[in-house]
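If you check Swiss-Prot, you get these features:
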type: DOMAIN; residues: 9-202; note: domain 'Lon N-terminal'
type: BINDING; residues: Gly367, Pro368, Pro369, Gly370, Val371, Gly372, Lys373, Thr374; note: ATP binding site
type: REGION; residues: 574-605; note: region 'Disordered'
type: DOMAIN; residues: 632-831; note: domain 'Lon proteolytic'
type: ACT_SITE; residues: Ser737; note: active site
type: ACT_SITE; residues: Lys780; note: active site
Amino acid sequence: MTEDFPKILPLLVEEDTFLYPFMIAPIFLQNNASIKAVAYAKNNKSLVFIACQKDKLNDNEAPYYDVGVIGSVMREANMPNGRVKLLFNGIAKGRILEPAKENEQGFLEAQISPIEYLEYDKENIQAIVEVLKEKVITLANVSSLFPPDLIKALEDNDDPNRIADLIAAALHLKKDQAYFLFANNNTEQRLLDLIDIVIEETKTQKLQKEIKSKVHQKMEQTNKEYFLKEQLKQIQKELGTDKQRDEDLNQYYQKLESIKPFLKEEAFKEIKKQIDRLSRTHADSSDSATLQNYVETMLDVPFGQYEKKALDIKHVKEQLDNDHYSLKRPKERIVEYFATMQLLEMRHKKKPEKKDKTKGTILCFYGPPGVGKTSLANSIAKAIERPLVRIALGGLEDVNELRGHRRTYIGSMPGRIVQGLIEAKKMNPVMVLDEIDKVDRSVRGDPASALLEILDPEQNIAFRDHYANFSIDLSQVIFIATANNIDRIPAPLRDRMEFISVSSYTPSEKEEIAKNYLIPQELEKHALKPSEVDISHECLKLIIEKYTREAGVRDLRRQIATIMRKAALKYLEDNPHKKGRTKKSEDKDKKGGNEENEKRGESKDFCVSITPDNLKEYLERMVFEIDPIDEENKIGIVNGLAWTPVGGDVLKIEAVKIRGKGELKLTGSLGDVMKESAIIAFSVVKVLLDNETLKVPKIPSETDAENKKKKKVLKVYNAYDLHLHVPEGATPKDGPSAGIAMASVMASILCDRAIRSEVAMTGELTLSGEVLPIGGLKEKLIAAFKAGIKTALIPVKNYERDLDEIPTEVRENLNIVAVKNIAEVLEKTLL
């Protein structure tokens, strides 16, 4: 056959796959050029060349592969719609030598040359063929690609290239993969490539078989379950056990009717609608569980259930006094609120038609951590005998946590407010919104905006929960919020609350709280008797001053608990027989009397005495809450007063002057406001020096080169650079209240005048020298008192407005002086 080649043959393009020499395959033609080519070949008894069409084309590239099969047309038949069916017999592989061209008769012709295989080592090839056949048999066991007759044909054939073609044709390879096998004339390489392909195909077929098996098993299991469920339904129907669902539905309808008088029409219709849907829903439907959960949740909301016990102001006072020491002002404000509520209740009994106008009270306790804000709310709930619900808002950033999730979501549930009503089983509980200043905004909404509706007495009568899908009356709920910093609460939300300050405790107040509340409570928690642990007065004072740094008493409780734990351990070490004792053995000991106890070695008079001398054995770490003041009066050091989230503090401010050009340098992690305060203070001091309100000798400049003629005389603030530093540089500081302290230390260093060490001050300074009021006065003065300060300078407006809030102990031991302007400050500060 190769003698007459290369020769020009008609070209046909097969769309789907490669044809092989041994194949007799039907081909369908619809293209006119291809039909003309077949007619020409049949009339002239010519061979034809069939190439496979490419899926992806590059620019200037033929739309078919350059290899294909040479063969003859065995039979031709016309089909409907102008199509032609022919039976093609493949004879040999061929390659297109030059691009095909369209001839005068209107079909493609190409110059074709047969593909000749390279010589090969028969023994080596035979070994590879055997491996290939083994892999094919393995593949045949897990797939239907190789039927038995094809396996037999492979076994009977000795031509390795024919075997490779048979396998490649059966694998239905992708066109590019088939092309490389088809065009390769290296027999050994073709066989090795086929082995890799067969191995990969075997893995794929095994995986598909496993997946199909699992799917089939699951379908069988599903069908089986469905069949069994249908049988079970029929059995239940015969036995009458399916009546349980009907009974549940009847109970839902009955409960809905019982609370109908307390429901708005909207709420009644929504719940009834969902019960009706539940009755029509198949029990095995996924909607059934969702609907049932909704109905049961909504029917659990205590509509119409109110705590009806009348308010008693006397009882409220007693409860607050029993639970909390000091806090006189907050207690008074709380009692005033509930006195108003009690009066409203009394008047509404006479005029029932006005009862619905009673609005829930909204209080917000704010102050440092550990001062008793949340426990005050607990005491209020006890005092008015209503259930307490606590909702932690710290870090809350999803509005749906408050408003509820819509029922379109899987696992949806009502918001925390509605859940709180269900938990309380009353519609008028005390609801504590803890840490309301720590609510965050995110892409999931702004919870603070939802709180506007919840806390507004004019709106919360119709609070709409997304899960419930109807409005709920919250007007009878007593909302109590707690916060550390009310400045972080949005202004519209602040406008809806009444704020009650719960500020820092004085050392003596902490001591009384520890004696009357903390120590008895911790003794009980640790199973110790009051006679077994004795904490002396001096020791308790030392714990408060040296081992805690806080405005409240939370850390003080922890320190006392540490002592109790070590006391409990000491008790067990001294009385080892007490380990694992039973009630029976204890009763026996009692009957045996003291003699038996002494035999067992129990100390009858066990007592751990905690004194300042042995305190380090129980508490190892000292905090030193506030450093004591220096007794020596120094130039360039002043005592400022600062407010922190954990209470007040004495803030020392230092200044030095360096020969320079009058520049001001600030260090100590100061914020923008505090830096501006320093600049204002520097300008005010300059004005005082210019006016000679502050007197200081003028500083001569350096002489000229000949040391004869002096230049002009400089003012002190132009002759020196001023460096102002606020210690603890790693701690950020900000705020305007250090203005007068900064001015004092600048005046001290520039005038070389010492500052009284027993004086501390706080106040904002204006450019005209006036002293403006500041916040956190109580905490600042308590800090001054703890540090041993004798005189505290405060703005006159704070003196007039806030002095009555200062604890009596502080007012009696601290000389509090009101100042109007910087001149008065410097007069009382500089020596």
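Note: Cβ is positioned from N, Cα and C throughout, glycine not excepted.
Distribution of Swiss-Prot features across the structure.
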residue : record           : DSSP class
Gly367  : ATP binding site : coil
Gly372  : ATP binding site : coil
Ser737  : active site      : coil
Lys780  : active site      : helix
Residue from Pro368, Pro369, Val371 whose C-alpha is spatially nearest that of Lys780 (active site), among the binding-site residues: Pro368
Spatial neighbours of Ser737 (active site) that are distant in sequence (at least 6 apart) but have CB under 8 A: Gly640, Leu641, Ala642, Trp643, Thr762, Gly763, Glu764, Ile774, Gly775, Gly776
Residues near Val371 (ATP binding site) in space but at least six apart in sequence (CB under 8 A): Val502, Ser503, Ser504, Tyr505, Ala551, Gly552, Val553
Mean predicted confidence [pLDDT] for the domain 'Lon proteolytic' (632-831): 84
Local Cβ density at Gly370 (ATP binding site) - other Cβ atoms counted within 10 Å: 21
Recorded positions listed as Lys373, Lys780, least Cβ neighbours within 10 Å: Lys373
Chain-internal residues, separated by at least six, CB under 8 A from Gly367 (ATP binding site): Lys373, Asn484, Ser501, Val502, Ser503, Ser504, Ala551
Check: same-chain CB within 8 A of ATP site center, minus Gly367, Pro368, Pro369, Gly370, Val371, Gly372, Lys373, Thr374: Phe365, Thr482, Asn484, Val502, Ala551, Gly552, Arg554
Among Pro368, Pro369, Gly372 [binding-site residues], residue with fewest other Cβ within 10 Å: Pro369
Cβ neighbour count within 10 Å of Thr374 (ATP binding site): 17
